[in-house]
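Visitor: Pasting a structure below so you can have a look.
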Amino acid sequence: MPHPTLTIACTLAILALIPALSSLYREFLDHTGARSSALLTASIALSAFALWLVVSAFIPEVAGAPLQLPTASLAALSGFLASLTVRDTTARVLPALLFSLAWTLVVFVPIAVVVLFPAAVGLGPADGPLDLGGALPVHAAVGAGAIVVLTVARGWSVDDRSHARPHSWLLLLSGLVIWVCGILCLAGLELGVDSVVTPRIVLNAIVAPVFGSIAWLVVQRIRSATTTATTAVAGLVSGLVAISAGAASFTALWAGVTGAAAGFASALFFFRRYERTGRHAWFIVAAHLMAAVIGLLMVGLFGTDFGFIYNGQTDLIRVQFLGLLTTVVWSGGVSIVLWLAVRGAARREAARVRERAAS
């Protein structure tokens, strides 16, 4: 029986991730100044939260369900994350807000309904992807959209905003908040306290980020002979994202392997892309998409009882892969359309400004 207090606590824990991630991603958000950036973040999050509540009210299987409110928080989180690459390339507030809301409506909502409320589309509980923490509608979808925006906008110049990076102590504090809120979020999304499952979720949400952080630090040490607080927190985030889908389905051993694999893969991807492009925004792809892909596929391989190594069946890994493929293709396709609209509006506005200046 879902506990209302646990549902509310889970909802608040997810919302608390947004200001903590805002501190981590401050460099991407500094175009408009700290106050304007905070207001835009709050506007995006609240609008996406309300948008989900309005849309879900018209879906009988979702309206009033215990997961409705936590999913609204996931919508707020995904709307914020989806806006990051747009805000990294333009200082205009309205395009970023409209991009985020349109993305939430067209990408997050349908994926979240299929993954978190399978009965709403006629699927049984075991027919869809196994995804406890919303890795598909949040992290995989956001990362796929970020690839499109960063690729299409690769010719756009980005100012050096390294001065906006937070101090090490603030990064570590933000990382700790993200970690604690992530644990509460994953435990709460189970919607109940179980003597076996809840401790497993908490343990896995501790183990995977630790191994993800170690992996990032190892890669950085090998590549540059340095280790930084930024890298430690980056690994923590990637490990938390990787375990989000299968926190209730791994033993501690496979949680550690999943966190380490996600950490190594995302770190190698990010450092290579950053060396070629000089854009820190590729971290969004590394820590969210790459880590989510590994976590979702690892569930199909090593998930307790249902994974390939336990029953020799490929059903779950096939479902996980198809869910990933559909999410990436859909989010990428929608994101490129939305980004082209944003870019066109920005260019028209710039042309009008030049005309007024010339007259």
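Cβ atoms are placed via backbone N, Cα and C, with glycine included.
According to TrEMBL, the feature transmembrane segment maps to 6-25, 37-59, 65-84, 96-117, 137-157, 169-189, 201-219, 226-246, 252-271, 283-309, 321-342. According to TrEMBL, the domain 'Ammonium transporter AmtB-like' annotation covers 91-342.
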Visitor: What residues in the same chain, six or more past the boundaries of the transmembrane segment (96-117), come closer than 8 Å to it by Cβ-Cβ distance?
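Guide: For the transmembrane segment (96-117), the far contacts come to 40, 43-44, 47-48, 51-52, 55-56, 59, 61-62, 65, 67, 71, 74-75, 78-80, 82-83, 86-87, 90, 123, 128-129, 131, 134, 136-138, 141, 145, 323, 327, 330-331, 334-335, 338-339, 342.
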Visitor: For the domain 'Ammonium transporter AmtB-like' (91-342), would you mind checking the mean pLDDT of the predicted model?
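Guide: On average, pLDDT over the domain 'Ammonium transporter AmtB-like' (91-342) sits at 90.
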Visitor: Below 8 angstroms Cβ to Cβ, which residues of this chain, lying six or more residues outside the transmembrane segment (6-25), approach it?
Guide: 37-38, 41, 45, 49, 66, 69-70, 72-74, 76-77, 80-81, 84, 166, 170-171, 174-175, 177-178, 181-182, 184-185, 187-189, 191-193, 233, 237, 284
